[in-house]
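Chemist: Quick paste of what TrEMBL says about this protein:
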type	residues	note
TRANSMEM	A:29-50	transmembrane segment
TRANSMEM	A:62-85	transmembrane segment
TRANSMEM	A:97-130	transmembrane segment
TRANSMEM	A:142-163	transmembrane segment
TRANSMEM	A:183-203	transmembrane segment
TRANSMEM	A:234-255	transmembrane segment
TRANSMEM	A:261-281	transmembrane segment
TRANSMEM	A:288-308	transmembrane segment
TRANSMEM	A:314-333	transmembrane segment
């Protein structure tokens, strides 16, 4: 049988005529990749031209960057998967602090860090499940439920241990495993790279990832085809909570102590990284590599501004501008149907 | 010969509202049935009932002559019934391949997707089973397709998973004239392969083009059931409008 509309298929495939630039733009996270590379080229060129004034490539600066990225990276990966599934978690900053305090006090009481850390992650997962359960059981917006979570767990930190710093003194192996160096690369950075690879496989190469995109992209269709969207969302909530705890472990191992107020605002930075990385606030769209590039971009921008001796108080203004520009940019791409 | 799908004296109430009253009809093997009726006649409730979303208050369904009770969507899917909705059940942000295999992905034993294999099958189904114009790759995002192309993807999904009955709910309402032609031809082509279709529509002309038999509903029950050979478009219109 002949194709019914074969003769009308005249227009040649547009992709064939597109330039390489447009092809990159059309890929998931392609646009953010271009922005990131441009920034890197400018920074590296600047550092080579003015090695004394702009110390971007100095080992100290690179180490600072590698140490700073993993914490926000873990938070953003968890928050991002949940966002793609169509829900938010504003409580991850507080959960990050709470689970870190929990782990540090357990270690302080003589528990091995290798037991305390998994317990911290377990606590994060349970809190995530609780958020998810309340959201789905009562059909509430997760924004509201987890806003409650943000305040609740921030208070719980103070109730549990007061407004004091907690020292973290684990076995030396634990410290070197999470904040040592391997071949000159910071261990935490290696962890985040492994997490990025793992999450990429899970979200883009695994059945579960397909269901996450379907759940966030068109919940009605996902249900109609037989996907249990509540289960998918619940798992995503658990991942967000668990990754918040992992971020807490990485941060605590690096610094050697926990401040009760350290997580404030991190949840918004994590969501910002996701938005910069091309995730849609409505769910169903985005990529793991985009989330990671978003994190890298936030930290590179902050770092460059600090190196240029921009006043620290105003950093937020630059980040804010970046977020809004990224959102506008993503919106335009979505409307043109490229992303 | 037993009928593929039969509805026996089905009634459905939502609280005080009776949506269906004592409805019975059947769908034969390789038959195209037009389910016609004005708005509010109970067509959508019937579709939801057959696809397992609603359960009948009274009466029952049978498949191949055996009494069955669908409790959810996947029950009807297992029986070989695929519903293609007005607003098609596809995810815009995913590729055609991923949509065709959504919820029924081919994976290895760890749950990782066998992407190359799925892509190849999707390509084959798109090229050979359903002819969709203007699609060059199964990697195209569904959000970039037109309404007709989207429905073709939904049909491709049904074809690949060897469905026996397609329930098409107002399939032509958002299609261009050209796309409508393509869709109706598709229904005939599937019929040649012994796949039955139910066209739920209030466009009598579209139904008249392809259907073998017409079931007309009004106020939640069947008012007319006639073979195409025994009726005319005028008579069908009269039944839809006047009952």
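Every residue gets a Cβ built from N, Cα and C, even glycine.
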Chemist: Where among A:29-50, A:97-130, A:234-255, A:261-281 do we find the most Cβ pairs under 8 Å to the transmembrane segment (A:288-308)?
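Modeler: Checked against A:29-50, A:97-130, A:234-255, A:261-281; highest Cβ contact count belongs to A:261-281.
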Chemist: Can you see whether the transmembrane segment (A:261-281) and the transmembrane segment (A:183-203) are touching - at least 3 CB pairs under 8 angstroms, only pairs 6 or more apart in sequence?
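Modeler: As far as Cβ distances go (cut-off 8 Å, pairs 6 or more apart), the transmembrane segment (A:261-281) and the transmembrane segment (A:183-203) do not touch.
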Chemist: Check the transmembrane segment (A:234-255) against each of A:29-50, A:62-85, A:97-130, A:142-163, A:314-333 and return whichever range has the most CB pairs under 8 Å.
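Modeler: That would be A:97-130.
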Chemist: Quick one: do the transmembrane segment (A:62-85) and the transmembrane segment (A:314-333) have at least 3 Cβ pairs under 8 Å, skipping pairs fewer than 6 apart in sequence?
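Modeler: Answer no: the transmembrane segment (A:62-85) and the transmembrane segment (A:314-333) share fewer than 3 Cβ pairs below 8 Å.
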